[in-house]
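Database features, via Swiss-Prot:
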type     : residues                               : note
TRANSMEM : 12-34                                  : transmembrane segment
DOMAIN   : 70-316                                 : domain 'ABC transporter'
BINDING  : 108, 109, 110, 111, 112, 113, 114, 115 : ATP binding site
DOMAIN   : 392-603                                : domain 'ABC transmembrane type-2'
TRANSMEM : 446-466                                : transmembrane segment
TRANSMEM : 493-513                                : transmembrane segment
TRANSMEM : 528-548                                : transmembrane segment
TRANSMEM : 553-573                                : transmembrane segment
REGION   : 676-725                                : region 'Disordered'
COMPBIAS : 682-691                                : compositional bias 'Basic and acidic residues'
C-alpha cells in the first residue's frame, strides 16, 4: 500500500480535497524554501568596486586604521505634511567637518536636529516619502558615493542576546564579521584585546542580561556596544547620545573610551544633549545646533566661549561651559516675552556665524555632482566580498540560538509551570470521563480547550520576544554579518527541543487525568498533534512579530488573529455551515486542524453507552456531527505542516521587505563659478553657507544678497551674562 493513503507526498502537502488554498500555500512555501537555501551568504551591492580603506593594512583584525575625514556642506532635511501642506525643516544648511584623531560632539537642545544630523552622516536616516534630504557629503575629499569606508554606529538602545556572556557576544560577532580569522586562538586573542581596550575584562564572563535577568551595568553595555562595532576596525565611529540613561560615573567612563578611540586614529562623532564639565573637556570639536540650524562649529574648549563672548555673552566663572552654551542657544517658551527675546538672540547668532564662516573658501571649488543611487549608504558590505558561506553562517547562528534558548531559565520555568498547571486544572475539570452520552460534549470541549491552550501559549511567548530579537537581527544584517536564510532556519531548529517539551508536559499530565482513549499509540498521536500545532503557532508568532514594529503591537495583533482562528476552529461553527466567503479561514486555521486531529484520534473506534436509537453510539457518529467523518490523522498533520511552512515563508518575506532602508542624499549642484563654494575648516572657521529662503531650499548654491539685518540685531542686543546657571 502506498504511503499517505495511496497519495503522493506532494498531493498530501498541497491540500485536502484538491482545494486551491492548500496548493497555493504549498507553492509559496516551496518557492521560499528554494530561495532560502539558494541565497548567497551576503548580498553585495552591484556598484563598481570601491577602494578598500584597509587594502594594505587589514590582516584579519589588525589595529591599523586608515584616516578618514568627513566633510558635509549645506545638509538640509525637511519633513512635509500633506494634510496641512506645510514643510518642517529638521536641518537647514548645516555644514561641518570631522577629522581623524579627534572627538567631535554634536550638541544642542532637545529637537535641535542632533540625531538627525548624525543619522545623515552615517547613512542611517530611515527612508520616508515625506522626507527630503539634500546637500554635499565628502569622504577624504571625494563624494561619499565613490568611496566606501568602514563605519561603526552605536545607537542609544543597547540590544544583545541576554543569555550570552560578554565574551561570547564578542566572539560570535568576530566569527560572523571576520571569517578570515580561521583559528580559535587568533579569534580569542583578538577578542581579549578588545575586552582589555574597552575595559570589559572584569565582566567578560558575566551574562549580558536584560529586564528579567540581572546582568552587566548600563555603562558596560554601552562599552560592549562599542566593542561589537569595533570588531571590523572601522575608520569612523558614530555614537548617538552614548551617555543617555547612565549615571555620572558610567557616562564619564564611556566618554573616556570614545576619547581613547579618537586618539587611536578613529574619526569619532557623537551627539550629546548637555554633558557635565569633565565630559565637555574631552571634546576636540563641537557642532552647536538649534532648531536645525548651525550656531557654531569648530574647536571645543575655550574657543566657543571666546567666540560668543565677543557678542557680549559671557560665561560666568565656575559654570559648566556645556550648560552655558545649551542655555545660550535655547529658546525659552515660558512666556511670550522670553520667547521673543530668546528667538531674537538665537537668530542673530545663527546669522552672525553664517556670515563669519562664509568668508573663507575652499582652495579647490567643488565641481558639479549629480544624485547617486547609493550616495548615503557607505556600508562595508559594498566593498568586501565575504568568504564565509551559507552553511558556516547557519552553524554559527544555530549555536548562538541554542545557547540563548536553552539558557533562558526564567522563561522556560514559567512555561513549564504554566503547562503543568493548566493541564492539572483541565484534568481536574474533566476528571476521568466515562462513556456516557454527556461525555461526548465533554470530550469535544476538552480537546478544543487543549488545542486553544497549546496555540496561545506558543503564540504569546513568540510575539513577546521576537520583536526585540528582530531589532538585533536587523542591525547585524545591516552590517553584512549574515543573510536572512541561515538565521531563520537556525532559529527554527534550535527552538525545536525546547518548544516541544512544553506541549509534551501538557499532554503527559492531562491525558491520564481526563482518561482519554487509553492506548499508548493514541497518547503518542495526541502529543504529536499538539506539538506540531505549537510549532505552527510559534511560526505564526514570528510572522506577527515581523509584521509590526513593536512588542506591544505584536501582543495586540497576535491574540486577535488567533481569536478568528478559534471561532472557525470546528467547535463553535461547523465547517459545513461556514459562509462561502469565509470558508478559506477554517482551511488556514491551525486550531481547526489540531482540533480535528485530536477528535479523530480520540473518537475513532470509541463506543458510547446509549439507550435510544437516536443516541450517538460510536465515535464515528460523533465525528460526522463535526463534519470530520472520513478524515485521517495524517491529513491533519500534513495540513498543520503546510500552515507551518506558510507562516515561516511569510516571516521570511516580511523580514526581507521590512529590512531597514535609508534615505538617499540628493547632491546639490555647484558649478564652481560662485564665490561661495564652501569654507576651509580651520580652527573656528567652519564650512557654512548663507541660509536659503524657506520656500526654496533646493536652489543652487549661488551668492545671496547679504544685508546688515543680523548686524543690526546684534547691535540691539545689549551685552549680558546669563543668570541662574
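Including glycine, each Cβ sits where the backbone N, Cα and C put it.
Looking at which of 446-466, 528-548, 553-573 has the most CB pairs under 8 Å to the transmembrane segment (493-513), the answer is the stretch 528-548. In this structure, the binding-site residues under consideration are 110, 115, and the one with the smallest number of other Cβ atoms within 10 Å of its Cβ is 110.
Fewest Cβ neighbours within 10 Å among the binding-site residues 108, 109, 111, 113: this applies to 111. Taking all protein chains in view, 24 other C-beta atoms sit within 10 angstroms of the C-beta of residue 114 (ATP binding site).
Other C-beta atoms found within 10 angstroms of the C-beta of residue 112 (ATP binding site) number 26, with every protein chain shown included. Look at residue 111 (ATP binding site): DSSP puts it in coil.
Along the domain 'ABC transporter' (70-316), the predicted structure has mean pLDDT 89. Neighbours of the ATP site: apart from 108, 109, 110, 111, 112, 113, 114, 115, residues of the same chain with C-beta atoms within 8 angstroms of the site's C-beta centroid are 273, 289, 290.
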